[in-house]
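**Q** Can you read through this structure? Questions will come right after.
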């Protein structure tokens with residue numbers, strides 16, 4: 001039997017450690033935005049929506065992203081705390097699926113991240129009524145210009161409607177592309193005691 005064909009590419013290990021290893025490889029391999037991830041949310045009635053966002057922090061306590069709390073996603077997150085994330089790194093032929101629940105980051109965390117952003121990005125976020133109807137693009141640009149005039153030093157304060165969420169994972173699934181679609185999948189489930197159970201899945 002071909003040992004290379006039967007060897008498992010996804011280790012029996014702490015899934016957060018595997019994520020850290022794969023994410024490091026993605027940062028070295030992906031040409032654009034290796035921290036881009038699909039975020040799936042749903043209404044209280046279960047109507048789903050999905051969009052790309054950027055991972056801005058991760059560790060033992062979860063995965064962090066930031067957004068406008070008054071956007072469509074913000075409304076859905078307020079109504080339904082269950083979410084799913086998906087990373088797809090085409091250059092590595094890998095993907096990671098994460099399921100879990102969200103909680104807001106602390107105001108201090110949100111302030112620190114907002115202050116770290118480029119001044120133009122801060123202006124754009126402060127001026128945007130995200131997901132609401134916009135009569136024309138010039139209206140948005142005029143709002144950005146007005147804020148730029150109000151804060152010529154670029155120190156735009158974080159709007160109250162802009163913050164971040166931390167996803168606490170309950171399930172993490174790793175997928176590795178293999179030849180002839182004989183892919184490899186391993187799913188980890190949180191055991192409720194700080195550990196994980198691991199299962200190899202049919203592709």
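Even glycines carry a Cβ here, placed using N, Cα and C.
Below, the features straight out of Swiss-Prot:
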- 51-56, 66-67, 72-73, 95, 130-131, 175, 185: FMN binding site (BINDING)
- 56, 113, 117, 121, 181, 182, 183: substrate binding site (BINDING)
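Show me how these features fit into the structure around them.
**A** For the recorded site, residue 51 (FMN binding site), the DSSP three-state label reads strand. Non-local contacts of residue 51 (FMN binding site) by the CB criterion (under 8 A, 6+ apart in sequence, same chain) comprise 38, 39, 73.
Counting every protein chain shown, the number of other Cβ atoms lying within 10 Å of the Cβ of residue 182 (substrate binding site) is 9.
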**Q** Give me the long-range Cβ neighbours of residue 72 (FMN binding site): same chain, 6+ apart, Cβ under 8 Å, in sequence order.
**A** 49, 130, 131
**Q** Going by Cα-Cα distance, which of the binding-site residues (56, 113, 117, 121) sits nearest to residue 185 (FMN binding site)?
**A** 56
**Q** Would you mind pulling the longest C-alpha to C-alpha span across 56, 113, 117, 121, 181, 182, 183, which the record has binding substrate, in angstrom?
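**A** Farthest Cα pair among residues binding substrate: 43 Å.
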**Q** Whole-number Å distance between the CA of residue 182 (substrate binding site) and the CA of residue 95 (FMN binding site)?
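**A** Roughly 15 Å, rounded to the nearest whole number.
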**Q** Could you tell me which of these binding-site residues, 66, 113, has the fewest other Cβ atoms within 10 Å of its Cβ?
**A** 113
**Q** What's the CA to CA span in angstrom from residue 121 (substrate binding site) over to residue 53 (FMN binding site)?
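**A** Given the Cα positions, residue 121 (substrate binding site) is 15 Å from residue 53 (FMN binding site).
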